[in-house]
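Visitor: Dropping the structure in here first, questions after.
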């Protein structure tokens, strides 16, 4: 080694740290996703290599997509493939904890494949050069890296004799297949699918080659690489073609292909020319799950209603705007279209506020999504919602869609408005003072002996879900009024007033009121209020979760019947519980046409709220099943509780039925043993 001046070492340390530190930012995330795609393909190639003798017996040439399908359905080979999937995070899971639940008895193939994947995710392809070959900054006596992942590009973290630096490896492409030819062919099939073809150069690899196919796309009239999405892996195949069924009209697609074997890859081909489907884009889907989010009362007695809906997941063209029509109805008969009122909201917005509606009235709302394709407007089917602003009729709301029967409205916030002023109790106009929203409650004294009152105020619900439990405040006053302070915007409150002494004839009186939204209040009063906390309504989360999932099995006359039971946690339910959704799935690696290993054959059933047991007949012996239970409420689904169970073996002389059948979860019998 050459002796260096002390100052040079410091300068080298600073420079190396700057240029070879851990990569960060969007580019690093893209590189990490690319490395993971290559690693899973190397993992798959290894599994095929281990079975190459068997594969050759079935196929004249193992470089055929049938070889991958064969491996997916072969007992040992499918176990090897299981860790190669991209659906699990190796950093958060140990190989033992991943493989044992799937293969409790024999998991050697899974474990060795998992350890190989773990190794290649941390160690880049190629070999470190000899320490004495390091030169320039790579020869600096510094510890600038600890792992290959800290080095950019293809560089590896290598020793130089007195430290570790990022260095260009040797034998980078030893045994690695050549890149495919960059020209890709696109064939649009009559079914609407797209077939992408490529060809390979002379293959120097004796191991099976996995082709990783990625794509990106942009929306618009013209192709654009600047506005394109990130590259996403759409297929891994051993064939030199892939057929894609999720091609959308109006998108400009680009593809690239990499050839990978167990030793590594030379990277992707250059991005292909742009491809766009010749199909015309479809009209947007009709808005779904239209519902009432909130109803609030105005000072003049009118009512504001907030309507919300679910945005479509992936239309051919993004929704440009929504048309909202509403009209007063009589006995659910809609008035003529000429008298309908209309609003337009932006495409990304999923709610609208209908202002100035009359109390104790029926209304019908129609909603339609609109997209633009050049000069053409594409419109969805209309969906409608019938609702009432009268409190007595709040449970009679109906949701209808064109050509579909009415569905029950999921109403997370019960329809409410300010009650008619009672004889004794009234609510004043909300006002803003001392940086607080306040309101005055006042009442009439009917007895001169009443000189002290209890005032209970209860926060019932808020549109923005900012309630800290159910906040209840009790105060005493000698006056015939009380100013309620520190109120929240867009919330429903209940106020109850009763005499401090129970001997009085004055009975407890209650009144409901709804505070205005921050933005509406600010606009009317011109107050300087910070409305940053007011957001688009977020429905209260369902916190209730099934617990203590257990299973027992009864074997009778060659049939296995499973009894699954659970308990419910004592979480606060913001909405009434309507039942349970139970999904059970067979986790299998058996040979099934067009199926992947660990494919899930699932069935689902809705149980009433008082049913905590599910009975499933005709289960398969010695099979792993996944049970998933969710609490259902009027406001949505709770978090799922998932557990794996394995059915017992059948005695050798007993036949078994190989198919799952629909069942009815009744007549639960206590099982002999639990799992």
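In case you wondered, yes, glycine gets a Cβ from its N, Cα and C as well.
Note that the coordinates shown come from a computational prediction; the quantities given were computed from them, not determined experimentally.
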Visitor: Which of these ranges is annotated region 'Disordered' in Swiss-Prot: 632-653, 654-675?
Guide: 654-675
Visitor: Do you know which of 336-361, 362-387, 388-413 Swiss-Prot annotates as region 'Disordered'?
Guide: 388-413
Visitor: Restricting to the domain 'Fibronectin type-III 2' (286-392), what is the model's mean pLDDT?
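Guide: Mean pLDDT, the domain 'Fibronectin type-III 2' (286-392): 83.
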